[in-house]
Amino acid sequence: MKITALASAILAVAQGALALPARAPALDITLSQVNNTRIKAVVKNSGTEKITFVHLNFFNDPSPVKKVSLYRNATEVEFTGIKQRLRSDGLSNDALTTLAPGATYEDEFDIASTANLTQGGPVTVRTQGFVPIAMNNKIAGYIPYSSNELELEVDAEKAVAVPASIKPLDRRTKITSSCTGNRATVLNTALRNAASIASKAADAASSGSSALFTEYFKSTSGNIRSAVAARLKAVASEASMNGGGSTTYYCSDPYGYCDSNVLAYTLPSTNEVVNCELFYTLQEVTNDCHGQDQATTIIHEFTHAPGVYPPGTEDLGYGYSAATALSTSNALNNADSYALFANAVYLNCQGQTGGQTTWDGYSQPGQTEPGTQTMWDGYSQPGQTEPGTQTMWDGYSQPGQTEPGTQTTWDGYSQPGQIEPCTQTMWDGGSEPGQTEPDAQTMWDNFYQA
């Protein structure tokens, strides 16, 4: 039933390339074979501007993360490494890479360490997705990446000799002995919150706002809505089982792959979920649209686990701006799409950025967000009008002005003589810009205090 719902949904949408912004900077990945299953990736900044991005869950991450996808006879080979959820701000400098235009770096890794290639034979290797860009050690947007397609002929005997990155542990209990005392209390509360939030999100996916659903999944199709609802219901069910479900939960890191930037990670091949130290610093439930918390981190991780709902999701777009740029088929397969949608349903965040920078800080500052909310473009049109609150900026040091009564002010450039609602006239653009309008409303004084 689960597989049928998801399969029919995916078949209903195009399986083409990721939906990419037209002018976005990008990273080009060139894959080549070093020997047998050892691969070299050359990462190149193909844009015209310097970029700083998060290389965790990407090339140069020393953890056994999914850097490439492997296919045998058009069927993807199971990944046996880890899928991490990263913090969105306060990133350490060692998690970041900066590349000048045209600059490159290399990463070598062995694909047999995170996949069973012991039968040998032909294997196809490729990768694509979005990598988060960072400003002031905070995720501020995304850039796309894609690679060539590499065809390998794997020597089975040599592949067998490659040690697996993850060694099996004794998983006799569903919630392990690492979950005691305060950590057990924290986990149980987080699971209850995750169950409640995922259940509400499942209902919203089935029959809630079509605009909100489209913001994250780019479709109003009944099949797509049913597929999203089914996965979220499965997540809610798993979180409600308090250790009796399909996943094994660790309250501390038995494998040693947590660091100061990782909230939690999942081993999809064994349906294991691990909380990192950073998890315990998160709020139980955030009040910020698209913020991170313990509850949605569990939702994110449970979507990775195929034992909860098959197949498990990937990390194709991380953070609000990347997740909402994905095509329908890719959003269905993206963990953060579910976590962010659940957060948006819970907080009623339709069309809101909630502190997440919507433009990418580089070549596309003028992003138009779902729900018809247009962001300012940072250049020639400072006087954008936002829905509802109609926030303006004066072109100088105070871009986020909010006018009383949702009244729109002049845009600081070519139209100073705006006529406002209720026939109230703004300053006339001539010699007396500091007019005092009816009802004691003082206009802009033609300098720095809008």
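Cβ coordinates are placed from backbone N, Cα and C, and glycine is handled just like the others.
The feature signal peptide is assigned by Swiss-Prot to 1-19, with sequence analysis given as support. Among the features that Swiss-Prot reports, disulfide bond is placed at Cys179-Cys251, Cys258-Cys276, with the record citing similarity to another entry. Swiss-Prot lists His300, His304, Asp315 with the feature Zn(2+) binding site, giving sequence analysis as the kind of evidence. If you look up Swiss-Prot, you'll see Glu301 marked as active site. Annotation comment: Swiss-Prot describes 364-416 as region 'Disordered'. Feature annotation from Swiss-Prot assigns compositional bias 'Polar residues' to 364-392.
Each of the binding-site residues His300, His304 was assessed for Cβ neighbours inside 10 Å, and the highest tally belongs to His300.
Counting only the Cα atoms, the space from Cys179 (disulfide bond) to Cys276 (disulfide bond) is about 12 angstrom. Using Cα positions, the member of the recorded positions Cys251, Glu301, His304, Asp315 nearest to Cys276 (disulfide bond) is identified as Cys251. Listed in sequence order, the residues Lys83, Gln84, Arg85, Thr266, Glu301, Thr303, Thr313, Glu314, Asn334, Ala335, Asp336, Ala339 complete the 8 Å Cβ shell around the Zn(2+) site centroid, once His300, His304, Asp315 themselves are left out. In this structure, the C-alpha atom of His304 (Zn(2+) binding site) lies 17 angstrom from that of Cys258 (disulfide bond).
Under DSSP, Asp315 (Zn(2+) binding site) is assigned to coil, being neither helix nor strand in the three-state scheme. Summary for the recorded positions Glu301, Asp315: the Cβ-based neighbour count within 10 Å is maximal at Glu301.
When the Cα atoms are compared, His300 (Zn(2+) binding site) and Cys258 (disulfide bond) turn out to be 16 Å apart. Near Cys258 (disulfide bond), with the C-alpha within 10 Å of its C-alpha, lie none of the recorded positions Cys251, Glu301, Asp315. Sequence-distant neighbours of Cys251 (disulfide bond): residues of the same chain at least 6 apart with a C-beta under 8 Å from its C-beta are Ile175, Thr176, Ser178, Cys179, Thr180, Arg183, Ala184, Val186, Leu187, Asn275. Under the three-state DSSP scheme, His300 (Zn(2+) binding site) falls in the helix class. If you draw a 10 Å sphere around the CB of Cys179 (disulfide bond), it holds 20 other CB atoms from the protein chains shown. The two recorded residues, Asp315 (Zn(2+) binding site) and Glu301 (active site), show a Cα separation of 10 Å.
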